[in-house]
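Taken from TrEMBL as is:
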REPEAT    55-96  repeat 'WD'
REPEAT    145-185  repeat 'WD'
REPEAT    186-227  repeat 'WD'
REPEAT    228-269  repeat 'WD'
REPEAT    313-345  repeat 'WD'
Amino acid sequence: MPKEDPETTALKKELTDLISKVKADQEKLADAKLAEKCSDLGDVPKIRFVTKKTLKGHLNKVNSVHYSGDSRHCVTGSLDGKLIIWDTWSGNKVQIIPLRSAWVMSVAFAPSGNFVACGGMDNMCTVYDVNNRDATGAAKMVRELAGYEGFLSSCRFLDDTHILTGSGDMKICVWDLEAGKREMEFDAHAGDVVSISLSPDMKSYVTGSVDKTCKLWDVRDEKAKQTFFGHEADVNSVCYHNGGYAFATASEDKTARLFDIRSDQQLGHYTPPGASGFTSCALSLSGRYLMAGSDDNSVHSWDTLKVSHTGTLNGHENRVTSISVAPNGVAMASCSWDSSVRVWG
């Protein structure tokens, strides 16, 4: 590796010192710990999710799962080069969509249920119309959004005509799907953008990155409103709280965390019984439970307010890569490198 010049070294030290000062100033203003303030609350029950359906059909590692707005259907993407749309109530496949590239890393279901999107190592976001079929009978491809200089790590629909993407070139883009053009493109982080979560009102979103930070953005603004520090490794997943004023994170540093937007700092720090990193996270409808998919083949759960571990969901036989809670809160889907998808309820 090339030797760093003195100016770069000095700037890095200045940045580290500034981050430390911000953390110290935040700690001075934190008059109490979340667990202390909530100590007199009643304990929530141990998480009681059981596997309602095991969805089998993929032939390779499944990297991503996302629910539709109807809380019934979900889409999964696998290294077998397929997207599968599932009816999670019956356990049946609704559609199988063959992909041009097998290296899918992220999938998204439009809240309306009309479109699905995916992307990955092909440096492209591809959008399919679920309600229209091509000559082969598969969902019709309507857009290929190219021009990324890195892999596509995350995508989320704002509505049926706009999609938000994050990528390995450290950029965030907002696309007009009808025109097939970028409406916005900007550098968001100092490392790969790994995860995106939209607020309940769809007016803002949070991002997680390998630069160990999370950022809060307005959907139509290129300047971050807030930057959150605390993690010591890649932030693999972020999830907005349904109240709109907080978000959860899951990281390679073997912790999950809860950040409060109004106080601009971390509220909760959650660790598992073991020592495995986290790949994904989700919050229950009430926000009382925080779930995180792990390298140890399981999904861990905590009481967000009392900062206590409330159980482990076991069943997968390999790394859990992604979890998604149904919008109505009654079920959760998880996918894994064991090629299966599980629906918990």
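Keep in mind that glycine also has a Cβ here, set from the backbone N, Cα and C atoms.
Residues belonging to the repeat 'WD' (186-227) score a mean pLDDT of 97 in the model. Sorting each residue of the repeat 'WD' (145-185) by its DSSP state yields 0 helix, 26 strand, 15 coil.
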